[in-house]
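Undergrad: Okay, handing you the structure first.
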Amino acid sequence: MEKEASSSSDVSASHVGRVRNRKRPNEVMTDGNKANGQTLLVSDRNKYKSMLIRTYSTVWMIGGFAFLVYMGHLYIWAMVVVIQIFMATELFNLLRKSSEEKQLPGFRLLNWHFFFTAMLFTYGRFLSRELVNTVSSDHLLYKLVSGLIKYQMFICYFLYISGFVWFILTLKKKTYKYQFKQYAWTHMILLTVFAQSSFTVANIFEGMFWFLLPASLIVINDIAAYLFGFFLGRTPLIKLSPKKTWEGFIGASVTTIISAFLLANAMGRFQWFTCPRKDLSTGWLQCDPGPMFNPEHYYLGDWAPHWFPWKDVFLMPVQWHALALGLFASIIAPFGGFFASGFKRAFKIKDFGDSIPGHGGITDRMDCQMVMAVFAYIYHQSFISPHNFSVDAILDQILRNLTYEEQRNLYEQLGEMLGNLCKADKLSACL
């Protein structure tokens, strides 16, 4: 009995010892190169293999993007639409349950009904003027498009209400919770993803410069943060993204701001980037770039040290605005990535998808771009675009609110007024 007692006590003691050995969380965190239990890039043994895959994908993406920029505004718009569809697909799949959807035939189609209704509403508001300018040469098509634009809001509202009724009619007793969760999830996707990324298209047609520069700054910031963190990263930045470091964040910020100043000067020299696109054609553009893109002379004088060779420099006013875009891209836009990281942690997933090797899904690459696109649009409308009435703004109101006959009557009255002015004042412009 004593032997059995002693042996049992030894077993229990050894068991307690094993249990106690397991409860040592400090052992996991003693390594200074780890954050939240995950190894930083600077200490990752597989980092070079990961970097090779990531670089390969990045080169292909940049090459394809450069080709679309060369092709023109319409092709970039098509690219944005494809990206939005891929993002919606990845996000719709996060909360899908096959066991529930087997009982709900056609329920997935309802998600896409809301998606394309939102697409029709958003792009109809952004691109109405460009669409009318494209079909202005065809009388019948012009009347049709003008009518659609005039009643576009009603059409979109009718489509949304039909989807709402469709949703109510498909409710089933055992799947109420799942269906309402999907309904709310669909609207969240449309609000936080689709609505934000749609500002990208508005930037494209304001002048490719206002799309290309912000998008390039996000890419530069992402690559610089990865490289600085890859070689120098030691200090964890935020718990939501364990592999992000302060070294990467600071190095990327400096690189992005300098790049913004230089890229604005380089892009501002090409009318293909600076001219707004006023229709949906793909032809070459020619326009007056405006004062923003006209170089101004600056004499540095005593401000520059004696060894500095350039005392006279020529800078575009838009370069100073580019600094604001660079500052936002380096300081605020990364929080879009942090938001996505927290989102993925909430759903316990590593990436939103696997469509891009080394990067994850499309949504993983577009998180910061969405935040940047909204800021670029608002900044352009607030500080760049003229606030007074313009010919384009007045034409847009005419197209939206007047019928074809009313527009024709207005054109005839303007012609008579100009004719009377020419007769009375003998204006040289009438000759």
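Each Cβ is built from the backbone N, Cα and C atoms, and glycine gets one as well.
According to TrEMBL, the record shows the following:
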type	residues	note
TRANSMEM	51-70	transmembrane segment
TRANSMEM	76-95	transmembrane segment
TRANSMEM	107-128	transmembrane segment
TRANSMEM	148-171	transmembrane segment
TRANSMEM	183-205	transmembrane segment
TRANSMEM	211-233	transmembrane segment
TRANSMEM	245-264	transmembrane segment
TRANSMEM	318-340	transmembrane segment
Undergrad: In the same chain, who gets a Cβ under 8 Å from the transmembrane segment (76-95) while lying at least 6 residues past its ends?
TA: 65, 68-69, 108, 111-112, 115, 119, 181-182, 185-186, 189, 193-194, 197-198, 200-201, 204, 208, 211, 347, 349, 352-353, 355, 361-363, 366
Undergrad: Are there residues at least six beyond either end of the transmembrane segment (211-233) with Cβ under 8 Å to its Cβ atoms? List them, or say none.
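TA: Non-local partners: 40-42, 47, 51, 54, 58, 62, 69, 76, 200, 203-204, 243-245, 247-253, 255-256, 259-260, 263-264, 267, 273, 322, 325-326, 329-330, 333-334, 368-369, 372-373, 375-376.
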Undergrad: Can you name the far-off residues of the same chain, 6+ from the ends of the transmembrane segment (148-171), with a Cβ under 8 Å from a Cβ of it?
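TA: Answer is 104, 106-107, 110, 113-114, 117, 120-121, 124-125, 128, 131-132, 179, 183, 399-401, 403.
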Undergrad: Output the single range from 51-70, 107-128, 245-264, 318-340 maximising the number of Cβ pairs under 8 Å to the transmembrane segment (183-205).
TA: 107-128
Undergrad: Same chain, outside the transmembrane segment (245-264) by at least 6, Cβ under 8 Å from its Cβ: which residues?
TA: 40-42, 213, 216-217, 220-222, 224-230, 232-237, 316, 318-319, 321-323, 325-327, 329-331, 334
Undergrad: Give residue numbers and ranges for long-range contacts of the transmembrane segment (107-128): same chain, 6 or more residues beyond its ends, CB-CB under 8 A.
TA: 81, 84, 88, 92, 96, 101, 149, 152-153, 155-156, 159-160, 163, 166-167, 170, 179, 182, 186-187, 189-190, 194-195, 198, 201-202, 205, 280, 396, 399-400
Undergrad: Go through the chain and flag residues at least 6 beyond the ends of the transmembrane segment (318-340) whose CB is under 8 A from any CB in it; none is fine as an answer.
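TA: Residues 209, 213-214, 217-218, 221, 225, 238, 240-241, 244, 249, 252-254, 256-261, 263-265, 268, 292-293, 352, 363-364, 367-372, 375-376, 379, 383-384 contact the transmembrane segment (318-340) from elsewhere in the chain.
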